[in-house]
Amino acid sequence: MKVTVLGINHKSAPASLRDKFVFNQDSLTKSLNEFKANLKTGVVILSTCNRTEIYSSVSNDKVLGEWLCKHHNVKIKEINDHCYFLNGFAALRHAISVGAGLDSMIIGEPQILGQVKQAYRISENGNLLDNNLIPFFSKVFELSKIIRSKTQIGTNSTTIASAAVRLITKIFGAISDLNILFIGAGEMNELSAKYFAKYSPKKSTIANRTLDKASKLAKKINGDSCLISDVEKIIHQYDVVVSCTGSQLPIIGLGMIEEAIKIRKHKPIFFVDLAVPADIEKEIENLDDTFLYNLDDLAMLAQEGMDLRTQELEKAFRLLDKLLNDYLKNQNTKNVPLTISLKNLFDDTKSRELEKAIKDIQKGIDPKEVCEKLARNITKKLLHFPTKSINEDKNNAKLIKQIYKLKD
């Protein structure tokens with residue numbers, strides 16, 4: 001396994017720093033192509049609300065860190081104490097723990113495996129994978145699925161949305177008495193909107209950049225729809241605002257909310273900011289009549305009652321290590337016959353040429369001349385098959401470069 005991973009996540013850095021390293025999904029393919037052009041290797045980039053991870057064959061963590069920081073216009077010193085770098089089976093173990101939901105902010109959450117698969121598909125569709133990444137992620141998907149199916153890690157997993165609902169009901173009372181505005185119609189907000197819909201809000205509205213997508217989600221929750229550009233005019237009508245867009249800049253500002261609070265005659269508004277980077281200006285939390293919670297805040301609430309999931313987490317990691325050990329043993333067993341065959345081939349070549357050399361010495365030929373001839377013949381024999389392979393198929397050249405660590 002020659003795959004490495006450089007990452008920053010909810011464990012290693014606060015949301016304010018993670019914000020700086022988010023890859024915009026609309027331009028992710030462009031970023032991937034830039035990486036491959038500069039570092040000459042395949043790549044998969046996983047970028048979610050809680051983590052940014054670069055999977056590649058680049059073995060130098062400094063090179064990866066410099067590329068990541070340069071791409072996002074961030075100074076390298078900002079990330080030095082907050083990123084992690086893993087290679088080989090450590091990288092594989094980490095990727096499987098991510099895919100299975102063992103490394104998530106909310107342990108066992110089901111969305112992450114789909115996000116890993118989506119990241120892989122983007123690289124696959126862009127022809128940005130290589131011979132290291134393909135088997136690596138195949139094993140990640142296989143073992144992640146086994147872990148989720150053979151443990152209860154995802155059973156009754158507390159979600160960010162459920163944590164928000166618990167908090168809102170403590171402050172405002174029943175959800176059925178509240179008007180809720182969802183800004184953004186992506187996967188995260190769709191999950192949130194569907195969860196809130198179980199509690200029959202008084203009114204639900206989906207705001208999105210495109211009305212078509214907003215309307216489709218609104219139908220699923222029996223709500224209304226509008227454009228994001230209309231939010232400023234209507235936001236005062238809502239008691240709860242849940243925002244999760246892909247915007248690189250905040251879309252809800254302090255001035256907008258100050259005006260909304262005046263119109264509401266200081267009736268409070270509860271804000272849930274699920275976006276990374278943040279959709280809502282942090283200064284809003286300083287207003288007397290607002291409550292603002294982001295992903296990290298809600299994740300802390302969602303961890304309450306973790307005893308059962310902690311037991312399942314330990315069980316899941318034990319299973320993960322067993323599966324990895326079995327895989328490693330299987331790989332080593334597979335390689336034994338090939339290693340023996342290769343050794344036998346080289347030994348046969350050595351024996352035949354050595355036998356010829358001994359006969360030449362017995363004939364009285366100068367030993368120095370015999371040794372030079374022996375070296376030439378062994379070199380010629382060992383180069384025969386690699387040279388023939390290169391001439392037969394140019395694709396073999398890359399493999400031979402990797403085996404012998406050759407440079408162009």
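Any Cβ shown, glycine's included, is placed from N, Cα and C.
If you look up TrEMBL, you'll see 6-151 marked as domain 'Glutamyl-tRNA reductase N-terminal'.
Classification of GLN115 (substrate binding site) by DSSP places it within a helix. Using a 10 Å Cβ-Cβ cutoff, GLN115 (substrate binding site) registers 18 neighbours. Annotation source TrEMBL lists substrate binding site at THR48, CYS49, ASN50, ARG51, SER104, GLU109, PRO110, GLN111, GLN115.
Taking the Cβ of CYS49 (active site, nucleophile) as reference, residues of its chain lying under 8 Å away and at least six apart in sequence are, in sequence order, MET188, CYS244, LEU274, ALA275, VAL276, LEU295. Residues or ranges marked as active site, nucleophile in TrEMBL: CYS49.
The Cβ of HIS94 (site 'Important for activity') has 19 neighbouring Cβ atoms from other residues within 10 Å, across all protein chains displayed. In the three-state DSSP scheme, HIS94 (site 'Important for activity') falls into the helix class. Under the heading site 'Important for activity', TrEMBL lists HIS94.
According to TrEMBL, the feature domain 'Quinate/shikimate 5-dehydrogenase/glutamyl-tRNA reductase' maps to 167-299.
Following the DSSP three-state reduction, the secondary structure of ASN189 (NADP(+) binding site) is helix. Taken from TrEMBL, the feature NADP(+) binding site applies to GLY184, ALA185, GLY186, GLU187, MET188, ASN189.
Across the domain 'Glutamyl-tRNA reductase N-terminal' (6-151), DSSP helix (H, G, I), strand (E, B) and coil residues number 81 helix, 19 strand, 46 coil. On the 0 to 100 pLDDT scale, the model's mean across the domain 'Glutamyl-tRNA reductase N-terminal' (6-151) is 92. Cβ proximity to the substrate site centre (mean Cβ of THR48, CYS49, ASN50, ARG51, SER104, GLU109, PRO110, GLN111, GLN115, cutoff 8 Å) flags the following additional same-chain residues: GLY101, MET105, ILE106, ILE112. Sequence-distant contacts of GLY186 (NADP(+) binding site), defined as residues of its own chain at least six apart whose C-beta falls under 8 angstroms from its C-beta, comprise CYS244, THR245, GLY246. Not a single one of the binding-site residues SER104, GLN115, ALA185, GLU187 has a C-alpha within 10 angstroms of the C-alpha of HIS94 (site 'Important for activity'). The CA atom of GLN115 (substrate binding site) is located 10 Å away from the CA atom of GLU187 (NADP(+) binding site).
Checked against PRO110 (substrate binding site), the binding-site residues GLY184, ALA185, GLU187, ASN189 differ in C-alpha distance, with GLU187 being the nearest.
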